[in-house]
Protein chains: 2
Amino acid sequence: MKIALAQQNYHIGNFTANTNKIISAIEEARKQGADLVVFSELSICGYPPRDFLEFDDFINQCNASIDLIRAHTRDIGVIIGAPVRNPVKEGKDLFNGAWLLYQGEIKGIAHKTCLPTYDVFDEYRYFEPAWEWNVLEFKGRRIALTICEDIWALSENPLYRISPMEQLIGQHPDIMINISASPFDYDHDEDRKEVVRANVLKYHLPMVYCNCVGSQTEIVFDGGSLIYNATGELIREAKYFEEDFMLVDLDASATVTGAGDTERRQLDKDMRVSKISDPEKIISYLTAENNIRQIYAALVLGIRDYFSKMGFTKAILGSSGGIDSAVTLAIACDALGAENVRAILMPSQFSTSHSVDDAVQLSKNLGNPYDIIPIKPVFDAFMDSLKPVFGDLPFSVAEENIQSRTRGNLVMAIANKFGYILLNTSNKSELATGYGTLYGDMAGGLSVLGDVYKMQVFALARFINRDKEIIPENIITKPPSAELRPGQKDSDSLPEYELLDKVLYQYIERRQGPQDLISMGIEEALVNRVLKLVNSNEYKRNQFCPIIRVSSKAFGVGRRMPIVGKYLS
Amino acid sequence: MKIALAQQNYHIGNFTANTNKIISAIEEARKQGADLVVFSELSICGYPPRDFLEFDDFINQCNASIDLIRAHTRDIGVIIGAPVRNPVKEGKDLFNGAWLLYQGEIKGIAHKTCLPTYDVFDEYRYFEPAWEWNVLEFKGRRIALTICEDIWALSENPLYRISPMEQLIGQHPDIMINISASPFDYDHDEDRKEVVRANVLKYHLPMVYCNCVGSQTEIVFDGGSLIYNATGELIREAKYFEEDFMLVDLDASATVTGAGDTERRQLDKDMRVSKISDPEKIISYLTAENNIRQIYAALVLGIRDYFSKMGFTKAILGSSGGIDSAVTLAIACDALGAENVRAILMPSQFSTSHSVDDAVQLSKNLGNPYDIIPIKPVFDAFMDSLKPVFGDLPFSVAEENIQSRTRGNLVMAIANKFGYILLNTSNKSELATGYGTLYGDMAGGLSVLGDVYKMQVFALARFINRDKEIIPENIITKPPSAELRPGQKDSDSLPEYELLDKVLYQYIERRQGPQDLISMGIEEALVNRVLKLVNSNEYKRNQFCPIIRVSSKAFGVGRRMPIVGKYLS
């Protein structure tokens, strides 16, 4: 049997675009002689549709798309993802379904059993878990059809009490097909391969694993669909960060031998927290070239898809001569074209001349347009207006924030006037510690580096400069500074980034508590200071724009903390 | 048996404060001769603890609090809410538990079965549902102990496939005890009474129903704990929006008769969407005096608890002479004391003289401090600085936004200088349609009116003026305007609020689609225009501050929409 796999980039709720894309792939699969073509999870409506699923009208539109697609399946099977109305009154009103369409009919539907409800996932918010399991017959083959998370519960410490493959295996399937919407983080591709292979080795069946690709606001799907034969050999691996189309003849490649499952390691719950526990290895792990290269690709796709799906073409950002804005600018130019990214240099009275020179040189290297607008006149006007209220009180964080917000205002004004979208340049270490000004440098429509620690920003800069100097060396080597008061340096307010990022990674990605951190040899006062900074600045992050997610635990929708909480704060 | 019920206001993660408060109530119950004292759901750590639950350290602290409290139970039983570690490897690592403590020991734990995972609730994110059910014995009584949502699945259209009371009733309990964290919305108190009573009538058992009180960032818990005897008579009802303590002798009040369940109506799934479907009745429902009075009380508590739990005392806001800021100011003065609320009047060149006069009169009536800072000098400085970029382009929305952001900047500067928290004054109708400026009038730490439609804001103003004129009549009667260009009125950009709010309520609270709205007699062009405004402005609301929730569907954590989505937009 010839199976085609279509790894596609969908737009949530854009039924016309998604349906047309799906029908095109069906035509292509037919042309190439496929018996069956497989699409990813909830491909009909895009993943994650979130609360759109609560609208009856939205489900009706999903069903209308299924009807349109069905008409194209007279001589080819299609496996596709769409919500399914629950026919009984008990339980939630929907299932997350994998539909088998053929001969213009719905031949069968598998419901998802394991509903991820952690991190960025909210599936139990919408869906009832499956309570019955049936192998689907197609052209004499018996398909064990599952959806994404369904195949992830195979460790000795599973997140779910029921494993659908354990239910299906007794019905003697010939093949496993899994349709997924499995997002990127910088070592998730390895986890994914391991999980798919572990299933193949456990059940001695070939597996067709179809993932989607593309970015949906903050969540990047990296593709990398997989086809394994029954012996655990990887037959085909789709492209990462791009659409792809693959065709395999399973009869030619599926040779069952007595492979064991000895290589299977502890998965499941452990996979949901990052795995690097040795504090000495954290920075080298975070900045490893393989991770940085993937992060770069994810950020480019994240920017590009945000703009194309929102209908925007042009970006703007504040370019300070510092490393965060330099890296953001370089990535944005790659994603959107340098001519579509406008840099605004807004020196203050405390900016060094180097800052402007470096930022100018950066834009010359990249070839993007830039303007220089000093902020002192507006800052002075603010201070004059506030004189009756401020009196003779000394310069404080209020004046620093006025400068930062003046910049935010200037760049938003140009954005509003000409239709640019403001890219935010804050990094994860700053967001974690609240080292930023609301409505100032925290302004923006999309955060490029908000899930990238400062040490990783340095590594990204080196990666960007790998062939030639794009980011001026001085930007990389000078001490980080917000330049909001004379001689200011980040290290006046924060621990050195190498130390800070270690603590943050342990706390944020690995959910280690204060005692764990102290027992790793980190000074107690530092632990308490950093954890208090993280928790007491939740209110700032709560108003922050979407962050392109590249780690296993990004700020934003995947990390939900109380604001009025009084824990470690 | 004498049962005490402690309706308390907890602070999430503040174990010291919560434990002390709980121990005080145990002492009081002992003094009053109670056999048993009942506390609300997750009272140990406060509800909702969100992702704090993912930290082992947090669970350890919960257990340490349980140990402290246990020592106070030698001669009195305590039923209390706290997370419970799941002893088996399968499934999530925690249960949501109701603990029976007595004689210094843990006598039993009931696990929650029905885990609300919709709107503001995320319980399946953290908890495994119960899979076994046991009546707990205490002093010869058999207690059917359940947690909040567990008693809500009794309709013919239940959200859950298993009802724990159906499991427990076969074990012949004598009494039902339910510990809850059931939030306020403006007709939820009636639903709650109906559900509790329906259980009493169905199972012919008395019910002690303990709710918490207090606001946790955006979610207001309104208390109103209930005690019913087995015949369905309400024996005691605790205060709303306040802490309370009640003691009943159940033997004196529990007379079982053959009450039927004929009055039970369709509950469950229907209760999760608002019930007013007749478009003609929506505005009178939204502005009904009973609802407005409750909303007012919830907003006062929401502000007061946000400030006290964050450790703040003083608020600031921009007072424009319009109705939204007037109502916000009046409520804030009630919540925090007029002397702690500073109003900043920031007229533009387009403001009418009435606006300043009205705002001054309002602050005189309330007795709160105020300052007047015209924005023209700063606005002119912005325009001068932007001249090289803007050239001679005509006045547009960019210039309107500069004025709004200048105001946001000025008021934030004063807030930062003196330690005020900025209260946001945007209403739900504006937020729904994106009629506001990011970082300008959308700035603030807490939104007071973000879940209150414009028509309800008018009703709140009338309510505030019920005894004497606090809000000057002119503020209520003049046409709403942002005053950002000459002669501007809201109605230039938006439908009349009476019509707009009807459409918004049907779409937001009732999830009606375009066809439903059109079939209600609303013009198609208007439907499409309003729905597109709502959906295409998700990116703005995504950066908005927490909104005190008063309706069954507020913007914020309880409504999760894709930003890059292309649905009705």
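Cβ from N, Cα, C; glycine included.
TrEMBL: automatically predicted annotations, no manual curation.
Summary of the site annotation: TrEMBL records ATP binding at A:Gly318, A:Ser319, A:Ser320, A:Gly321, A:Gly322, A:Ile323, A:Asp324, A:Ser325. Screening the candidates A:Thr231, A:Thr406, A:Thr425 against this entry identifies A:Thr425 as the one listed for that site. In sequence order, A:Asn401 are the recorded positions among A:Glu41, A:Ser320, A:Asn401 whose C-beta falls under 8 Å from a C-beta of chain B.
Cβ neighbour density within 10 Å is lowest for A:Asn401 among the binding-site residues A:Ser182, A:Ser320, A:Asn401, A:Thr425. Counting every protein chain shown, 24 other Cβ atoms lie within 10 Å of the Cβ of A:Asp324 (ATP binding site). A separation of roughly 40 Å, to the nearest angstrom, links the Cα atoms of A:Gly318 (ATP binding site) and A:Cys148 (active site, nucleophile). Cα proximity to A:Lys112 (active site, for glutaminase activity) (within 10 Å) is found for the following recorded positions from A:Cys148, A:Asp324, A:Thr425, A:Glu430, A:Lys540: A:Cys148. On the 0 to 100 pLDDT scale, the domain 'CN hydrolase' (A:1-252) averages 96 in this prediction. Figure note: comparing Cβ neighbours within 10 Å for the binding-site residues A:Gly318, A:Gly322, the maximum is reached by A:Gly318.
Within the set of recorded positions A:Cys148, A:Ser320, A:Gly322, A:Asp324, the entry lying nearest in space to A:Asn401 (deamido-NAD(+) binding site) is A:Ser320 (CA atoms). Within 10 Å of the C-beta of A:Tyr118 (L-glutamine binding site) there are 19 other C-beta atoms, taking all protein chains into account. With respect to their backbone Cα atoms, A:Glu430 (deamido-NAD(+) binding site) and A:Tyr118 (L-glutamine binding site) stand 25 Å from each other.
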